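J.: Can you keep this structure in mind? I'll have questions shortly.
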Amino acid sequence: MTNIRKTHPLMKIINDSFIDLPTPSNISAWWNFGSLLGVCLIIQILTGLFLAMHYTSDTLTAFSSVAHICRDVNYGWLIRNIHANGASMFFMCLFLHVGRGIYYGSYLYKETWNIGVILLLTVMATAFVGYVLPWGQMSFWGATVITNLLSAIPYIGSTLVEWIWGGFSVDKATLTRFFAFHFILPFIILAMVVVHLLFLHETGSSNPTGLDPNSDKIPFHPYYTMKDILGLFLMIIILLSLAMFSPDLLGDPDNFTPANPLNTPPHIKPEWYFLFAYAILRSIPNKLGGVLALLASILVLLIIPMLHTSTQRSMAFRPISQTLFWMLTANLIILTWIGGQPVEQPYITIGQWASISYFTIIIILMPLAGMLENYMLKPKFP
């Protein structure tokens, strides 16, 4: 008799996705982040659900309700700290996952890559509206500054901003709708993740060499289930260490002050995972230009497949491209640092140069490096 997991309509889908899935035998730990992101999403949805049971989305009580969760709800402090730091873990895994995709040429699976970029944007939107909910100073002013950017859109900008606010400033209506968005978006993300996996399983995973892996595949279970569990334990240890020993390490002290529309914090800045994009936004001394650069900093990922000029898929055997990749990584770290600094010299100039080099490396230097490497690999004798 055939095993039920191979015949039952639902079990068959699970079996073909997580058990009998043919997987390249040589994928490294860089391929662990997909499963870690799945776990992060589940952790965020579960902790978020329990937080939503005690949170009130009203300007008068939102801040107090978060304090109430931390003080009076059983393990509320832990649930809140896991949720807040879980977002940081989520983005850390996301950035490493995208970086892996760029390094090993995973973007050549265009459908998987494109839905992945849309997922990244959706997760960023979810994190932004979520950050507004505790209704601290940085929540309020972050919401005011970022939503105000839409007013740079010609003709419809001002109307659009007031429509999103539900009034003439960030107020009760804004908080209520942001809570609604923050509740629904993770479930939309979950559906998109299924589509992401669907596209991935059409082609199968790539591998570090960039060569066709079809000649040597192994079943996902037990090999990669065990490998994923190891990665999962490491991530959980880091997350729990953060949540229990230094839960406020990555937060902003200003958010411990209730929102006050009459008092602007000296430095308005988002959470660390948005700082690179915020630095690019601030480096352009024009509102509309800054907004376009901000969008371009993420949307540039969509054109990466078109900029692939190399005859090899992976960067594993391409030292010039590797150097550029690590320059890009260092550049993003510099942008993240600059995004958290005040708008004064020398930070302004550093931010502008880092923003220029970010786009230059991706759009100009990487395609040129691919062409140069192709030329260097050509036999020079008849």
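Even glycines carry a Cβ here, placed using N, Cα and C.
What Swiss-Prot records for this protein is below:
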- HIS83, HIS182: heme b b562 binding site (BINDING)
- HIS97, HIS196: heme b b566 binding site (BINDING)
- HIS201: ubiquinone binding site (BINDING)
- 33-53: transmembrane segment (TRANSMEM)
- 77-98: transmembrane segment (TRANSMEM)
- 113-133: transmembrane segment (TRANSMEM)
- 178-198: transmembrane segment (TRANSMEM)
- 226-246: transmembrane segment (TRANSMEM)
- 288-308: transmembrane segment (TRANSMEM)
- 320-340: transmembrane segment (TRANSMEM)
- 347-367: transmembrane segment (TRANSMEM)
J.: Return the stretch with the most CB pairs under 8 A relative to the transmembrane segment (347-367), choosing among 33-53, 113-133, 178-198, 288-308.
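T.: The stretch with the most contacts is 288-308.
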J.: Which chain-mates of HIS182 (heme b b562 binding site) that are at least 6 residues away have a CB under 8 A from its CB, listed by sequence?
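T.: Looking at Cβ-Cβ distances below 8 Å from HIS182 (heme b b562 binding site), excluding near sequence neighbours, one finds GLY48, THR126, VAL129, GLY130, LEU133.
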J.: When a 10 Å sphere is centred on the Cβ of HIS196 (heme b b566 binding site), how many other Cβ atoms does it contain?
T.: 21
J.: For HIS97 (heme b b566 binding site), list the number of other Cβ atoms lying within 10 Å of its Cβ atom.
T.: 19
J.: What is the Cβ neighbour count of HIS83 (heme b b562 binding site) at a 10 Å cut-off, with all protein chains included?
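T.: By my count, 21.
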J.: Near HIS201 (ubiquinone binding site), how many other Cβ atoms are within 10 Å of its Cβ?
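T.: So the Cβ neighbour count for HIS201 (ubiquinone binding site) comes to 14.
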J.: Would you kindly list the residues that approach the transmembrane segment (77-98) from elsewhere in its chain, counting only those six or more residues past its ends and only Cβ-Cβ distances under 8 Å?
T.: 30, 33-34, 36-37, 40-41, 43-44, 47-48, 50-51, 66, 69-71, 116, 120, 123, 127, 130, 235, 238-240, 242-244, 247, 250-251, 271-273, 301
J.: Check the transmembrane segment (288-308) against the transmembrane segment (33-53) for contact, please; criterion is three or more CB pairs under 8 Å, pairs 6 or more apart in sequence.
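T.: No, these stretches are not in contact.
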J.: Using C-alpha atoms only, work out the spacing between HIS83 (heme b b562 binding site) and HIS201 (ubiquinone binding site) and round it to an integer in Å.
T.: 30
J.: Does DSSP put HIS201 (ubiquinone binding site) in a helix, in a strand, or in coil?
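T.: Looking at the DSSP assignment, HIS201 (ubiquinone binding site) belongs to a helix.
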